[in-house]
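Written below as structure tokens is the structure these notes are about.
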Amino acid sequence: MKTIIITEGKTKIETPQPENFRTRAGDYAPSLTKVFYNPLMEFCRDISISVAQTAARRFNGLRVCDPLAGVGVRGIRYANEVKGVTRAVVNDFCREAFELIRKNVTLNGLTGLIETRSTDANILLRENRGQFSFVDLDPFGSPAPFLDAACSSLGKRGMLALTATDTAPLSGTHVKTCLRRYGARPLRTEYCHETGIRILIGFAQRLAGLHEMALTPVLAHATQHYFRIYLAAERGAQRADEVLKKIGYLSHCSSCLRRSFTSGVATALPQNCECGEKLSHAGPLWLGKLIDGDFTREVLQDLSLRDFRLKHQELSLLSRCLEEAEGPPTFYDLNELAGQEKKSPPKMKDLLTRIRDRGYFASRTHFSPTGFRTDAPLEEILELIGTS
Ligand SMILES: [Zn+2]
């Protein structure tokens, strides 16, 4: 296997040559070769560094585990670039990956800080019950098979970071897969990626409930190809119960685009929309906030002081996340609503100002360039679009 050495953040990483891991579409291709390192995730990993730094500050130090590490880029970067890491375990079951992890730990002079392992991720996490304060699950596909063990490996307070690349099932392209994997019904709408993230969060929260652990999202972002979620973890049955109260269903009318939300899992759902059409439902899923404003502001502040290659794009994503932090679940698509009114879409900025002038919340959303989030009633939004 031919390898090259690349630099990400302040960390040097030896990895298989690009043709070994990148496909035409720039996607993960675990079937083509053993995938150790995806260069397209640098953006996502940089943000993780600032998230971990924020967590390290809040927890007074950080005990990190990267159980599905590939060549080790995430785990090694945490140990190398986050102040306050007191323990880091970097693991990959695959022997070739493990050999590269060991080389990379040495390459960065971190042999004293990082423990390298080559075992099954779930076994590693189980062996370290209650030992970690930051667990990063970065699998190819779904993190679902590792969530239970990850929860057990977290201490009294901690953070769970999740990547999911199975966005198609979670967003409603493969309904049966989503039902089987997450026990939840997805829904194909203009905001289906947000629904997918909420399904994944709800699933993780229900699993954490078994451990009397509350998982609360502090930051979540999505692209077409992956979801990334950071959840604050706290042990305690009461806290877990409070979180579970905010799990429920969303109902969507594909005729008038109205949405409604019902909290609770064993609960009756409305069958028909106010307009008379039959409603579609998605869930169970998380109905609470996706972004904690205070936490994300700290992440943004940390990132603004770093020297990342993609810093500008990363800062603009985090700013957009902050803008929409206080908004309600789901967003509207400007073009779709304008089409409904048979009008050409007004300027986004103007519409948002007019909605805010009426005393409602209104923001753009990082999920879509034509999306906007507001708690204004649909009639008022349509009226504003109709008279613009
Ligand atoms: Zn309707």
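Every residue, even glycine, has its Cβ placed from backbone N, Cα and C.
Just so you know, TrEMBL annotations are computer predictions that nobody has curated.
Annotated S-adenosyl-L-methionine binding in TrEMBL involves Arg45, Asp92, Asp120, Ala121 plus, out of the candidates Arg58, Arg63, Arg74, the residue Arg74. One residue stands out among the binding-site residues Ala121, Cys253, Cys256, Cys275 for having the most other Cβ atoms within 10 Å of its Cβ: Ala121. One residue stands out among the binding-site residues Arg45, Arg74 for having the most other Cβ atoms within 10 Å of its Cβ: Arg74. Of all the binding-site residues in the list Arg45, Arg74, Asp120, Ala121, the shortest Cα-Cα distance to Cys256 (Zn(2+) binding site) is found for Arg45. In this structure, of the binding-site residues Asp92, Asp120, Cys273, the smallest number of CB atoms within 10 A of the CB marks Asp120.
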